[in-house]
Structure formats: structure tokens, C-alpha cells
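Below is one structure; the comments refer to it alone.
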Amino acid sequence: MATPSLRGRLARFANPGKPILKPNKPLILANRVGNRRREKGEATCITEMSMMMACWKQNEFRDEACRKEIQDFFDCSSRAQEARKMRSIQESLGQSESLSPHKMTKLLQRFPNKSHLI
């Protein structure tokens, strides 16, 4: 396809008030948001788990030889579980950084947007 000429490109910039593309839907915000699932986040304790499995492999899967690595992994997983509990408590109390999609939809329905263009 041929490249647009310089005159054609300059003609678009000459009239800044007129949009270049015509939207297929009106540019109005909706009164609800999509109900999507939250991201699960990254996996925790990967390093401890890999150290534990490497120890098992070296010691032919004997728990007695890898007692320290197993304990480190269990400690890390319990800390991660406590952090998840605290985060869920903060979200339920409304102290989280962002609102859930359900709460956002409730707020948008309480304070709806104008449904016509100004």
C-alpha cells in the first residue's frame, strides 16, 4: 500500500477539532464494570521449595537428612499464608489499595454518568 502523501498528512493536522477516527460507540463511561477475577499473584516460597527438592534428590528422598530445608519451606509457607489472610481481612474492611469490581459497580450505579453527549 502506498504511503500517504505529505499533503494528506498535513491536512489531518490542519483541522485539530475534527477527529481522525469516528468511534463506533458513543464515548460515554458505563455505569458498571466487568466482573473479572483478581490475579492470584506470584507463587511464594519457590526458592525454599527448590532447595528442599534438591536436598531430597541428593539424599534419595530421606526426610531426616533434609530436616532444615523442610522446616525452612514450612516456615515460609506459613508466613505467606498469614500474609494472604491479612490481605483478605484488609480487603473486607475496605483498607485495600483498589476496589473490587462488585464494589466499583455499586458505586457507579449509585452515582451514574450522564447518558448523553454534552
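The backbone N, Cα and C atoms fix where each Cβ goes, glycine too.
Feature annotation from Swiss-Prot assigns domain 'CHCH' to 42-84; the stated evidence is sequence analysis.
According to Swiss-Prot, the motif 'Cx9C motif 1' annotation covers 45-55, on the basis of sequence analysis. Across the motif 'Cx9C motif 1' (45-55), DSSP helix (H, G, I), strand (E, B) and coil residues number 10 helix, 0 strand, 1 coil.
Annotated disulfide bond per Swiss-Prot: Cys45-Cys76 (among others), in sequence order. Under a cutoff of 8 A between CB atoms, and with a sequence separation of 6+ in the same chain, the neighbours of Cys45 (disulfide bond) are Phe73, Cys76, Ser77, Ala80.
The disulfide bond feature in Swiss-Prot is assigned to Cys55-Cys66 (among others). Counting every protein chain shown, the number of other Cβ atoms lying within 10 Å of the Cβ of Cys55 (disulfide bond) is 18.
Across all of the motif 'Cx9C motif 2' (66-76), the predicted model scores a mean pLDDT of 96. The motif 'Cx9C motif 2' feature in Swiss-Prot is assigned to 66-76.
Tertiary neighbourhood of the region 'Disordered' (86-105): same-chain residues 31-36, 38, selected by CB-CB distance under 8 Å and a gap of 6+ residues from either end. Sequence annotations record features per position, and here Swiss-Prot assigns region 'Disordered' to 86-105.
If you look up Swiss-Prot, you'll see 89-99 marked as compositional bias 'Polar residues'.
Across the motif 'Cx9C motif 2' (66-76), DSSP assigns 10 helix, 0 strand, 1 coil. Of all the disulfide-bonded residues listed here (Cys66, Cys76), it is Cys76 whose C-beta has the fewest other C-beta atoms within 10 angstroms.
Per-class residue totals from DSSP over the domain 'CHCH' (42-84), listed helix then strand then coil: 31 helix, 0 strand, 12 coil.
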